[in-house]
Amino acid sequence: MSQQVIIFDTTLRDGEQALQASLSVKEKLQIALALERMGVDVMEVGFPVSSPGDFESVQTIARQVKNSRVCALARCVEKDIDVAAESLKVADAFRIHTFIATSPMHIATKLRSTLDEVIERAIYMVKRARNYTDDVEFSCEDAGRTPIDDLARVVEAAINAGAKTINIPDTVGYTMPFEFGGIISGLYERVPNIDKAIISVHTHDDLGLGVGNALAAVHAGARQVEGAMNGIGERAGNCSLEEVIMAIKVRQDILNVHTRINHQEIWRTSQLVSQICNMPIPANKAIVGSGAFAHSSGIHQDGVLKNRENYEIMTPESIGLNQIQLNLTSRSGRAAVKHRMDEMGYKESEYNLDNLYDAFLKLADKKGQVFDYDLEALAFINKQQEEPEHFRLDYFSVQSGSNDIATASVKLACGDDIKAEAANGNGPVDAIYQAINRITDYNIELVKYSLSAKGHGKDALGQVDIVANYNGRRFHGVGLATDIVESSAKAMVHVLNNIWRAAEVEKELQRKAQNKENNKETV
């Protein structure tokens, strides 16, 4: 009988560290709910002590996610653990994940400590975390470069202190699969109380071996794998969860383990993470790349037509990728749009049907036919922009030519006011952005601009993703239209609204902190 491998997702913690712009609470919650729907066992959603925003994100997700265990990260520091527990206490059950470095290099140069002191600190902090929850995970940072006997001492002590999960990270992606599997086997041989904990692994992809190392560890007895969707993360990224999950499914014959993941949600979750995080998926990416199931060789095409298993070890349908695209027109009613969304696996809570249908009709009038990929793109934008907007694009016009300086006129709704400005720029998009800067006086600096087609043909929707710098913080914006200049304008307005919301959140957090301080003085 096969054993279960626990899937621990760290997209919203380790994965987010790689992003050019921080995610909003709403964006993090949207990803968390998708991960819950996909069936991850544990999701690590933040580092609460790092900022008030991270604390709020962890608390919000812990309050709303019910079918996955929510986890927060904490160093082996009292305040970290206390703040993590405070952010998580709204959940029925939660996990605290605490860590400390164990390699000689980290202990000597980073911690300026000794192995004995590290073990003493680990024991104390695991016990402190156990005061808040029975579910405590302990990580030996840089375990991949820690001598096996030292590692075994730390692991044994952490288990005795009450850690239920012991995580063995290859923090810098240094080890080879046969080497990393040997570390796990070595721990099973050396740690007498190892049967009292689940052994977990957290691998990085610096040498492109994150997934290989994770699978080698599973083969050696690890029963939890940590990683991120699409492999996002610091430097070269984390172990790619969807690759590990599908490798376990496809090669169950040799690994003899399984997960409780709903595989049909992999594709949609991957796409959502890509869009929200503004990190495009390479076409040749395993499992979820656009070319992962493409066959261009004549020999391969002939073989697939005769029997798909000749060249496909898994099907697109097994990850939820429906290759049959159905089209709707402007004559299609609301019920038809809702029915198609239902067939694609969307719940009514994931989009506003009224707003989606209005956007669908406008697009159908322009394109004639609206395909599944159009609907999914509209639903994504619909979800991103469903919050009240302080700024709204009312009108824009651009004059530009090969020998002319681009000039843009923009009208922007700012709260209850309508403001208008005109500006010149280096092309139509820059002219619009200069006009918007004049209206808002925000002085936003564009850091990154990318355009992607959502669909095929000259009338495909164009999605513009931008990253902008404002007052030392980076904000992400997205816009969607058949006109890329309009998409660009909408993306900048999305940035404006994200800046405004961030300021409102900061005001609210300051108000709460002040009230808390006032209450202390009263007592």
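Glycine is no exception: its Cβ is also placed from the backbone N, Cα and C atoms.
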One of Asn160, Asn230, Asn238, Asn256 listed by Swiss-Prot as binding Mn(2+) at the site of Asp14, His202, His204: Asn238
Env. residues of Mn(2+) site, Cβ within 8 Å of mean position of Asp14, His202, His204, Asn238 Cβ: Thr10, Pro169, Thr171, Thr203, Gly210, Glu226, Gly227, Ala228, Gly233, Glu234, Gly237, Cys239
Cβ-based isolation winner (fewest other Cβ atoms within 10 Å) among the binding-site residues His202, His204: His204
Structural state census, the region 'Regulatory domain' (392-523) (DSSP three-state): 52 helix, 59 strand, 21 coil
Number of other Cβ atoms within 10 Å of the Cβ of Asp14 (Mn(2+) binding site) across all protein chains: 24
Neighbour count (Cβ, 10 Å) for Asn238 (Mn(2+) binding site): 30
